[in-house]
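Step one of this worksheet: look at the structure below.
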Amino acid sequence: MALARWLWVVAGLVVTIVAIGGITRLTESGLSITHWSVVSGILPPLSESAWQAEFDLYRQTGEYRLESGPAGMDLAAFKFIYFWEWFHRILGRVIGLAFLLPMMWFWIRGMIPAGYRGRLLALFALICGQGALGWYMVASGVGTDLTDVSHFRLSAHLLTALFLLAGLVWTALDLRRLARVPDARPARFTGVAWMASIILFIQILLGAWVAGLNAGHASYSWPMMNGGLLPQPDLTRGWLWALTHDPFLLHFLHRWWAWVAVIALVVLARKVRPFDRRASIAVHSAFGTMVVLGIATVLSEVSLWIAVAHQLTGALLVISTAWAAHAIGTARKTEAA
């Protein structure tokens, strides 16, 4: 049971860093630190000259030259965006240590059950990979004329974090069940779980692209978009480019694919209800809140804290989906036995 509690704590930290990552993106803070220093980067600049040096590095980015600079950014404003990127990176280091040190302790004491060492190592590899992927994302906006990081790399960074979150939750649930039933075997992923997960994956991918392309600003009305229902996509470069780059089309797809996700999640919630009523309620509550916050984000013209709450609820939706999928997978195994 101690291992399960530990993984729940790490999962809570991942939810927190997802929210902080949302703030970092929405405040345009991601390119404020233009280098990656694993050790020396732990501390922020401690003198005015050090702050000025960091600001000078940021002023070389396309974001500053084309957006922040013309908007009149000064050193005080730079310190604000620097804080969020620095905090995001620090929290990433905390997550790494919060996973590695207890894992080593449990490993040395022989407390990790058979069959789980490889899974825990895979989760730790995902955590390390997140750090590398985060820098790979930032690097896409450094030394170029881009005013934002690549939305493809941004989506990979977010989706990997949420995959890690689901893995932590799933493993914690397996370990909790094992502590209660010594001969329990890991839950399996069922067909309905695959269906709901794939549809939710597409919705989160679209949401990440919307965030990365600032496509939330394409329309501030709902359900219509700027007076119309269907978008008029930019097809000058073909449909593939439009489906991956056109802000208006991606905004449209994100807001309406959400209803496909709702249907899939309702099916999942109904399937799990006989086995775990709380998981069913969690799924319904999470997607209901997600939809309301998504609409509120649009109508508020992408208010920072509403948009952050929308992303935070997305992480909670991933947790509730993993919980429901695990409950169904556990019940199916029990029935088969």
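Glycine too: its Cβ is placed from the backbone N, Cα and C atoms.
Swiss-Prot lists HIS254, HIS310 with the feature heme binding site, giving sequence analysis as the kind of evidence. Residue environment of HIS310 (heme binding site) contains 25 other Cβ atoms, counted within 10 Å of its Cβ in all protein chains. Classification of HIS310 (heme binding site) by DSSP places it within a helix.
For 3-23 (among others), the entry in Swiss-Prot reads transmembrane segment, with the evidence type sequence analysis.
Sequence-distant neighbours of the transmembrane segment (94-114) (same chain, 6+ residues past either end, Cβ-Cβ under 8 Å): 2-3, 6, 9-10, 13-14, 17, 120, 123-124, 127-128, 131, 175, 178. Residues or ranges marked as transmembrane segment in Swiss-Prot (evidence: sequence analysis): 94-114 (among others).
Annotation source Swiss-Prot lists transmembrane segment at 120-140 (among others), citing sequence analysis.
According to Swiss-Prot, the feature transmembrane segment maps to 154-174 (among others), an assignment based on sequence analysis.
Residues or ranges marked as transmembrane segment in Swiss-Prot: 191-211 (among others).
Among the features that Swiss-Prot reports, transmembrane segment is placed at 248-268 (among others).
Taking Cβ pairs closer than 8 Å, the transmembrane segment (289-309) reaches residues 19, 22-23, 26-27, 216-217, 219-222, 255, 258, 262, 316-317 in its own chain, all 6 or more past its ends. What Swiss-Prot records for 289-309 (among others) is transmembrane segment, and it gives sequence analysis as the kind of evidence.
According to Swiss-Prot, the feature transmembrane segment maps to 311-331 (among others), an assignment based on sequence analysis.
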Best-packed against the transmembrane segment (311-331), counting Cβ pairs under 8 Å over 3-23, 120-140, 154-174, 191-211, 248-268, is stretch 154-174
HIS254 (heme binding site), DSSP three-state class -> helix
Cβ atoms other than its own within 10 Å of the Cβ of HIS254 (heme binding site), all chains, total 22
Best-packed against the transmembrane segment (3-23), counting Cβ pairs under 8 Å over 120-140, 154-174, 191-211, 248-268, is stretch 154-174
Near the transmembrane segment (191-211) in space but 6 or more residues beyond its ends, with Cβ under 8 Å, are 22, 25-26, 151, 154-155, 158-159, 162, 244, 247, 250-251, 253-254, 257-258, 260-261, 264-265, 267-268, 271, 311, 314, 317-318, 321, 324-325, 328-329
